[in-house]
Amino acid sequence: MHNAIYTGLQKEVEVILATPRGFCAGVSRAIEIVKLAIEYYKDTKTIYVLHEIVHNKYIVETLKTMGVIFIDKVDQAQDGSVLIYSAHGVSKSIKQLAELRDLEVIDATCPLVNKVHKEVQLYDKSGYQVILIGHKGHREVEGTVGQISTPVIIVQNLNDIDKIEIFDPDKLAYVTQTTLSVDDTKVIIDKLKKKFPNIKGPDLKDICYATQNRQTTTKRLAELVDIVFILGSKNSSNSNRLKELAAIQTQAFLIDSYKEIDLNLLNDITKIGITAGASAPDILVQQVIDFLKQHMKVKLSDLEIVQESVTFNVPRQLRQYKEQYNPI
């Protein structure tokens, strides 16, 4: 697509990079877990990952070349192998299935997703009916709903609130998916509170710090540029939210790589914004910059709204090995 009829080799553009962008702590941890497992169990056990470890095509394809096998069901894993749960988390029934098998299980669920799982379990234990604000069919939502045997009500939008059937308005609680739009979720929470004044919930605290930071930065970035490219896969929830936010202000495109950029879009553009979803590696951003430099004069600048320093440790079973080995 990018090698069309574009002729602007001498064109000058400013490319503004959003900071923070790309990997969050949960994604970094999940990828590190898989890479440590590859080294630790090298030549002794097959490594299976249940679902995509993170929703990014480049990462999944890279790990496949390192020998990782991605599966959709526990029974696809061979006995005596290693099974890693993705960063999005899994239901209790999946964990129970895995326990019945001869598998070495490693849980790469993001700690912030685990926090939501615990909230659901506590509310359920205390007799509350649970509402989950999130996207039906997303892996994280499936895992969260599957933490309890009682049905969880999924609210995707304002209209869903009108259809809610509840048992007791005084025993109602909500949690949220961690990768939602902060602005959209606030509107949904406000309507829930108006309809059910005694509802309990974490406000916006379930939406992870990295999601919030990337959304804040992307909104500001979109105000400064003529077009925004968001590096991320189409099935990445947080990347889609960044595209939606940027599109309120300017042209916005969610791309897996520089190969999806149509240079003809840039004919009248002087400022380009680039950011990346929480599961997109920075090499993809660098490739976009290199690609643009081949076709125009690029002046690079940074837009840094907030600094991030959050890190999460790997599971205990890999921690000792990590001290002896630094993953690729």
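Just so you know, glycine gets a Cβ as well, placed from its N, Cα and C.
Taken from Swiss-Prot, the feature [4Fe-4S] cluster binding site applies to Cys24, Cys110, Cys208. Following the DSSP three-state reduction, the secondary structure of Cys208 ([4Fe-4S] cluster binding site) is coil.
The DSSP secondary structure for Ser279 ((2E)-4-hydroxy-3-methylbut-2-enyl diphosphate binding site) is coil. Its own atom aside, the Cβ of Ser279 ((2E)-4-hydroxy-3-methylbut-2-enyl diphosphate binding site) has 32 Cβ atoms within 10 angstroms in the protein chains shown. The (2E)-4-hydroxy-3-methylbut-2-enyl diphosphate binding site annotation in Swiss-Prot covers His55, His88, His138, Thr178, Ser236, Ser237, Asn238, Ser279, and the record cites sequence analysis as its basis.
Sequence-distant contacts (6 or more apart, same chain, Cβ under 8 Å) of Ser237 ((2E)-4-hydroxy-3-methylbut-2-enyl diphosphate binding site) comprise His55, His135, His138, Glu140, Gln177, Thr179, Leu180. In the three-state DSSP scheme, Ser237 ((2E)-4-hydroxy-3-methylbut-2-enyl diphosphate binding site) falls into the helix class. Annotated isopentenyl diphosphate binding site per Swiss-Prot: His55, His88, His138, Ser236, Ser237, Asn238, Ser279, in sequence order.
The feature active site, proton donor is assigned by Swiss-Prot to Glu140. In the three-state DSSP reading, Glu140 (active site, proton donor) counts as helix.
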Distance [Cα-Cα, Å, rounded] between Cys110 ([4Fe-4S] cluster binding site) and Thr178 ((2E)-4-hydroxy-3-methylbut-2-enyl diphosphate binding site): 10
Local Cβ density at His138 ((2E)-4-hydroxy-3-methylbut-2-enyl diphosphate binding site) - other Cβ atoms counted within 10 Å: 18
Residues satisfying Cβ distance under 8 Å from Ser236 ((2E)-4-hydroxy-3-methylbut-2-enyl diphosphate binding site), sequence separation of at least 6: His55, Asn56, Gly277, Ala278, Ser279, Ala280
Listed in sequence order, residues not in Cys24, Cys110, Cys208 with Cβ within 8 Å of the centre of the [4Fe-4S] cluster site Cβ atoms: Ala25, Gly26, Val27, Ala87, Pro111, Leu112, Val113, Thr178, Thr179, Tyr209, Ala210, Thr211, Ala278
Distant-in-sequence Cβ neighbours of Thr178 ((2E)-4-hydroxy-3-methylbut-2-enyl diphosphate binding site), under 8 Å, six or more positions away: Cys110, Leu112, Val113, Val116, Glu140, Asp206, Ile207, Cys208, Thr211
Additional residues surrounding isopentenyl diphosphate, by Cβ distance to the His55, His88, His138, Ser236, Ser237, Asn238, Ser279 centre under 8 Å: Val54, Arg139, Glu140, Thr179, Asn235, Ser239, Gly277, Ala278
